[in-house]
Amino acid sequence: MFTSSRVSSFHRHMKTHANEKSHLCHLCLRTFRTVTLLRNHINIHTGTRPYKCGDCDMAFVTSGELLRHRRYKHTHEKPFKCSMCKYASVEASKLKRHIRSHTGERPFQCSLCSYASKDTYKLKRHMRTHSGEKPYECHVCHARFTQSGTMKIHVLQKHSENVPKYECPHCATIIARKSDMRVHLRNLHTYKATEMKCRHCSSVFHERYALIQHQKTHKNEKRFKCKHCNYACKQERHMTVHMRTHTGEKPFTCLSCNKRFRQKQLLSVHFKKYHDPSFIPAVFECPKCGKGFSRWVVY
DNA sequence: AATCTACGCGCCCTCTGCTGGTGCCAG
DNA sequence: ACTGGCACCAGCAGAGGGCGCGTAGATT
């Protein structure tokens, strides 16, 4: 509802409801209500921008645009201040948009899903996820992207020579993307309240990277040491067999002659040699000492 | 009525950061 | 051969900057 204390303003406003557009642009045949609007419009055709910025090459059709430009680029004057944080803006509409980040208000509802946006642009951008539209094309490999920023990163990482790299301050790992570095730091270098145990010993850690580094120290380590002699080995099963040399235990018995063995393999060799009819005895005889061998061996 | 000025809306852009799928590699 | 972990990668949303342009208030 329009109200005004001035008759002139009222009359002018009423003209906005009338379709009377008597001022014709002779370049595109578009019509305007006032001569000022027509003049501004013609300035767009002719490129006439009377309001020039004194600090850069920009020029504008109206003085208001110039003032706003100067605030953005040169004076940095931000008259619109947020009452809830330090944010300040050049334009009131920007403050209004910013305040939605405090209130959580999302006036722009997607018609196809539950998503709602705080501003029109985000909704428009979101709609590409439904349409499948990918407006941005890589000029090198012609891959297509939904957002310009995604394409920019793609070109930088895939087609640029001086690819930026991010080095982890804790472990010197090189990672291509800043956001991935955050993931790396979160997964490997953040303190965790719950203890992480070493899979080889009783050590515990609160940082995953420290655990991994520690576990590497166990690699090639002969962790199983005999308490009776100098013997050491990597696997527990080897130590079990070795211990029988100290205990005298011989758990494997030959069913044919009751001879006992410490290892299953020794029993197997014994059985084949003495009780298996298909066993081929030594056929290659040493020409010097006469000892027989089952295989031909060159010394 | 014409003009200047301030305001509001809309559009487009960039920067930022999180997420989940994927391929590779070590265990 | 299988599995879990990690860097790589594209998809996607949040926040904010900058400008075009129409309209209303104020002034000439």
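Think of each number as a place in line: the chain as shown, counted from 1.
Cβ coordinates are placed from backbone N, Cα and C, and glycine is handled just like the others.
According to TrEMBL, the protein carries these features:
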type: DOMAIN; residues: A:23-50; note: domain 'C2H2-type'
type: DOMAIN; residues: A:51-79; note: domain 'C2H2-type'
type: DOMAIN; residues: A:80-107; note: domain 'C2H2-type'
type: DOMAIN; residues: A:108-135; note: domain 'C2H2-type'
type: DOMAIN; residues: A:136-164; note: domain 'C2H2-type'
type: DOMAIN; residues: A:166-194; note: domain 'C2H2-type'
type: DOMAIN; residues: A:196-223; note: domain 'C2H2-type'
type: DOMAIN; residues: A:224-251; note: domain 'C2H2-type'
type: DOMAIN; residues: A:252-275; note: domain 'C2H2-type'
Restricting attention to the domain 'C2H2-type' (A:51-79), give the mean pLDDT.
87
Under an 8 Å Cβ to Cβ limit, what residues of the same chain, 6 or more beyond the ends of the domain 'C2H2-type' (A:80-107), are close to it?
68, 71-72, 116-119
Tally the residues of the domain 'C2H2-type' (A:51-79) by DSSP class, grouping H, G and I as helix, E and B as strand, and everything else as coil.
13 helix, 4 strand, 12 coil
Tertiary contacts of the domain 'C2H2-type' (A:136-164) (same chain, 6+ residues out, Cβ under 8 Å):
125, 128-129, 176-177
Where else in the chain does the domain 'C2H2-type' (A:166-194) make close Cβ contacts, counting only residues six or more beyond its ends and a cut-off under 8 Å?
153, 157, 206-209, 212
For the domain 'C2H2-type' (A:136-164), how many residues does DSSP put in helix, in strand and in coil?
12 helix, 4 strand, 13 coil
May I have the DSSP-based helix, strand and coil counts for the residues of the domain 'C2H2-type' (A:108-135)?
12 helix, 4 strand, 12 coil
Could you give the number of helix, strand and coil residues in the domain 'C2H2-type' (A:80-107) as assigned by DSSP?
12 helix, 4 strand, 12 coil
